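**Q** The structure follows.
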């Protein structure tokens, strides 16, 4: 259980935290108090403990779960104990069947809540409040994600995104075993379908009324105006270019706005938009959930959830005109299948432009890049800061 001073070693238990290691006056490790966090590297030297590295601490896009064994807390001072470390995200430390079932249920319910808010906001903007702006829908979507994180976090770590789960599986030790990845992905897709189904059930009659008043036949050309409330398109169906001059208004038949033609956003631009958005999202997720950043930002779950939700909101404001800022395969594919089954058929899947694959593939490109960008570029500064703070104590 113990190591000689000056050696870099793993803490004795797979569930031992820095907060659970006793040290003597010179910084040497003298014992382990109790079980806590997953293993961290600790240097028992006169200069104090070495800062945990990004590759050794599960950092980024998930929250501490109910199956973690505890630990964490505020940094201790002057009592001979090492500073505590936030419970690492991404993962449940238990991989029992019961824990996996709870995690799957958490992902399903979390994605369902997120999609319910997002789809409902888009439906209302389409059929009930034509004066609604893109800002309204994106704000509700971001807040919906924050609420979903609070729901799913204690149960699964709140991935809520197949691309994020994929990145966790690739780059986070003990975060998500490969054999559990399909369980998470299927739960997320089912959650997307459930959320879209609930939104459709709530607004079935208003959608039918809107289609009847405007002569829209579901599944035929022109019906995408209602179908796209459920899934993503490029360019976004709600984006319009203002017509400013009197001559241009006359040429447009009196219209003051003109919808973006499909050619405005190419498939390549949409792919780049989705990959970039997912990359930025996972980078921010990794940053706000880095255990070493606890001295700079509060580690409370609510703060993290709001930060991630606001990140999605900002991404949607910036990227939604180009590609709807989906950045989540479960957010698009599940609702798209529901829309296809509800009568929109090929208008929903594969879609009028056949670009459904962009929203499925691009996030799986962007998410790993976001995690690697954080680990390779930004994480080093956190290590240097942590080491300097330890030396100054």
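From the backbone N, Cα and C atoms, a Cβ is placed for every residue, glycine too.
Automated prediction, rather than curation, is the source of TrEMBL annotations.
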**Q** Which stretch does TrEMBL mark as transmembrane segment, out of 58-76, 77-95, 134-152, 153-171?
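**A** Comparing 58-76, 77-95, 134-152, 153-171 with TrEMBL, transmembrane segment matches 134-152.
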**Q** Which stretch, out of 250-269, 270-289, is listed as transmembrane segment by TrEMBL?
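**A** Based on what TrEMBL states, transmembrane segment spans 270-289.
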**Q** Of 25-50, 103-128, which range does TrEMBL call transmembrane segment?
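**A** Per TrEMBL, the stretch marked transmembrane segment is 103-128.
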**Q** Does the transmembrane segment (354-374) make contact with the transmembrane segment (181-203) through 3 or more Cβ pairs under 8 Å, each pair 6 or more apart in sequence?
**A** no
**Q** Quick check for me: are there 3+ Cβ pairs below 8 Å between the transmembrane segment (181-203) and the transmembrane segment (301-322), leaving out pairs under 6 residues apart?
**A** no
**Q** Grab the same-chain neighbours of the transmembrane segment (134-152) for me: Cβ-Cβ under 8 Å, and only residues 6 or more beyond its ends, written as numbers and ranges.
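**A** Contacts of the transmembrane segment (134-152) (Cβ under 8 Å, skipping residues fewer than 6 from its ends): 63, 106-107, 109-111, 113-114, 116-118, 120-122, 125, 158-160, 236, 238-239, 301-302, 304-306, 308-314, 316-317, 320-321, 325.
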